[in-house]
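As structure tokens, the structure follows; a few thoughts come after it.
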Amino acid sequence: MPGKVLTNYDLEKMVDTTDDWIIQRTGIKQRRIVENGQITSDLATQASLRAMEDAGVSPRDLDMIITSTITPDHIFPSTSCFIQQKIGATRAGAFDILAACAGFIYAMSIAQSFVNSGAVETVLVAGAECLSTITDYTDRTTCVLFGDGAGAVVIQKSLTQHEILSTSLAADGSQADILIMPGGGARSPASLESIQQRAHYIQFKGKEVFKLAIQNITSLILETVNKNNLTIEDIDLIIPHQSNLRIIEATMEKLGLPMEKAFVNIDKYGNTSSASIPIAIDEARREGRLRRGDLVMLVAFGGGLTWGSSVIRW
Ligand code: UT7
């Protein structure tokens, strides 16, 4: 996580908002923000080095690097290539994927498939974001939500470590415009006009995203447990994408599960898109919330729309 803390009180000085409103409507108290020229690949590099140390692999062991991000260092080359260079993973192929807040689960599923097929042995998957670079700090409806950060995991075939039992991916492109950064792509390249329209920032229809998130996440969790011949009660911990505490609470209520079965750290970091799930996995592990043999469900929802889940035997 970057060192600079942006609190709700700091935001009170920037836009017409209050600490109370932000906590009541989102559960967020503060978020971390990059400074001094730090960029997405820097955060991802730190997270990747720590993940590799934990996993006992060296950069030369990596066959592939997959990074999920909506705030790449550049549109091209991929942020994974910068990470490859920074960590010295000279043998690794490298590419990025773009599936917004569900991106980390998409990336993990690609890594899992490559490893299971036998094509490669060791894949580094990173989720990293500098959302502060695409957040409009004059728009109170969006700027209170987002933060920066990174997390990473190493995926390998192993008989002794945690096992990914299944991943499920979904998308609905018909709702692409409800959560979007309109400027900067082929449809609207950077221009004086696009800058004046503030098109290079995240824009969303908050209420619609909110409703669809709860609906789709709940259905996917239930489908995923069925697919694995499990019941919802078998799941020991749900690690949801951290976009709004009320989304997490409503989902748990619909599932009939107590909030103790959900991991929450949105109060400290806000919504970090692709980085949110790997950051949460790391914290849950450090806090002793993940015990060997536990069934863990990762679930995320975001722009695209895209959503996905993953069941892990810890
Ligand atoms: O990872 C996926 C991305 N996540 C999302 O896109 C977030 C999904 N949506 C949400 O989390 C919620 O919809 C928000 C947190 C964005 C908004 O919460 P809400 O309960 O849906 O609030 P609202 O948009 O209905 O706004 C209620 C009121 C409005 O005032 P009026 O019209 O009732 O007078 C807003 O103008 O709150 C006002 N408002 C604010 N007031 C103080 C909106 N933003 C703020 C603010 N501070 N920051």
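Cβ atoms are placed via backbone N, Cα and C, with glycine included.
What you see is a predicted model, and the numbers here were worked out from it, not measured in a lab.
What TrEMBL annotates here:
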type: ACT_SITE; residues: Cys101; note: active site
type: ACT_SITE; residues: His241; note: active site
type: ACT_SITE; residues: Asn271; note: active site
type: DOMAIN; residues: 95-173; note: domain 'Beta-ketoacyl-[acyl-carrier-protein] synthase III N-terminal'
type: DOMAIN; residues: 226-314; note: domain 'Beta-ketoacyl-[acyl-carrier-protein] synthase III C-terminal'
Per-residue pLDDT averaged over the domain 'Beta-ketoacyl-[acyl-carrier-protein] synthase III C-terminal' (226-314) comes to what?
97
Using DSSP, break the domain 'Beta-ketoacyl-[acyl-carrier-protein] synthase III N-terminal' (95-173) down into helix, strand and coil residues and give each count.
27 helix, 31 strand, 21 coil
Provide the three-state DSSP residue tally for the domain 'Beta-ketoacyl-[acyl-carrier-protein] synthase III C-terminal' (226-314): helix first, then strand, then coil.
37 helix, 22 strand, 30 coil
Cβ-Cβ under 8 Å from Asn271 (active site), same chain, 6 or more residues apart: which ones?
Ile28, Cys101, Leu131, Leu145, Phe146, Gly147, His241, Gln242, Ser243, Asn244
